[in-house]
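Enquirer: Have a look at the structure that comes next, please.
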């Protein structure tokens with residue numbers, strides 16, 4: 001379930017726009033007023049507020065927020081103001097600029113959305129940048145990483161769970177095992193990418209299950225690690241994790257982002273919370289995080305972040 005809380009009685013977009021303008025005026029910005037409004041409005045309501053604000057005050061609300069806020073808080077609010085498809089398009093575009101390090105963003109967009117949602121992200125990308133996501137991935141990635149990411153963002157998977165072919169799953173588990181063995185010797189990547197990049201998620205999970213039963217270990221652990229400078233081995237493991245159990249995958253990302261010994265990874269923390277707070281999977285991600293970290297996500301965020309940034313993330317999580 002989603003974690004954002006929207007009041008039962010919501011002020012009109014005009015009232016919210018006026019309250020935000022008031023928060024911007026005077027000696028310094030009233031950040032708590034900004035949080036109390038924007039963190040408790042869904043995507044449709046936020047869009048209506050932004051349109052009303054621009055109509056009444058002849059300036060972009062997003063640009064005004066960028067000028068009034070700062071740091072991690074500003075970046076989180078900036079991404080939150082987009083609708084879900086636009087938000088992912090903006091994040092994916094930024095990721096393509098440094099794709100060897102930021103490939104997880106592309107993989108998450110491609111592997112954790114439904115096919116219809118992925119199409120919506122690609123349409124938003126095209127509208128915002130006058131280029132396709134595939135075009136930028138192809139231009140900025142190289143080698144096997146390019147081949148893998150293009151396969152992931154270009155596919156249109158069947159979304160249902162009612163068409164799993166167990167015979168095919170057993171057959172492709174053997175193909176994956178052989179491809180993994182060959183990949184260790186710099187071969188077999190084509191078959192790995194074909195399977196991961198084309199089959200439905202339900203079919204892939206069946207294949208991964210057959211692989212584990214047959215070889216007493218997960219596909220993720222069997223995949224080659226290597227020193228490919230493009231980042232391909234890590235991206236392939238990320239894709240498998242995203243398909244196999246997305247809630248568990250995002251819980252791991254959040255755990256790594258809030259691990260005290262390594263320092264807080266605000267970019268990853270912001271990305272997951274902002275992208276999922278109004279999606280149905282956020283409750284499952286929080287549950288998986290608590291199981292992994294032995295504390296709630298809210299407790300981890302309260303400990304590892306501070307100020308308005310902390311308040312905003314906690315508000316998106318329903319605290």
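Cβ coordinates are placed from backbone N, Cα and C, and glycine is handled just like the others.
Checked TrEMBL, it gives:
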type	residues	note
BINDING	24, 26, 28, 68, 263, 302, 304, 305	Ca(2+) binding site
Enquirer: Report the same-chain neighbours of residue 26 (Ca(2+) binding site): residues 6+ apart in sequence with Cβ closer than 8 Å to its Cβ, ordered by sequence.
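Expert: Result: none.
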Enquirer: Can you tell me how many other Cβ atoms are located within 10 Å of the Cβ belonging to residue 68 (Ca(2+) binding site)?
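Expert: Result for residue 68 (Ca(2+) binding site): 17 neighbouring Cβ atoms inside 10 Å.
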Enquirer: For each of the binding-site residues (24, 263, 302, 305), count the other CB atoms lying within 10 A of its CB, then report the residue with the highest count.
Expert: 305
Enquirer: Tell me, how many other CB atoms lie within 10 A of the CB of residue 28 (Ca(2+) binding site), whichever protein chain they belong to?
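Expert: There are 9 of them.
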Enquirer: Name, in the order they occur in the sequence, the residues of the same chain whose CB lies under 8 A from the CB of residue 304 (Ca(2+) binding site) and which sit 6 or more residues away.
Expert: 258, 260, 264
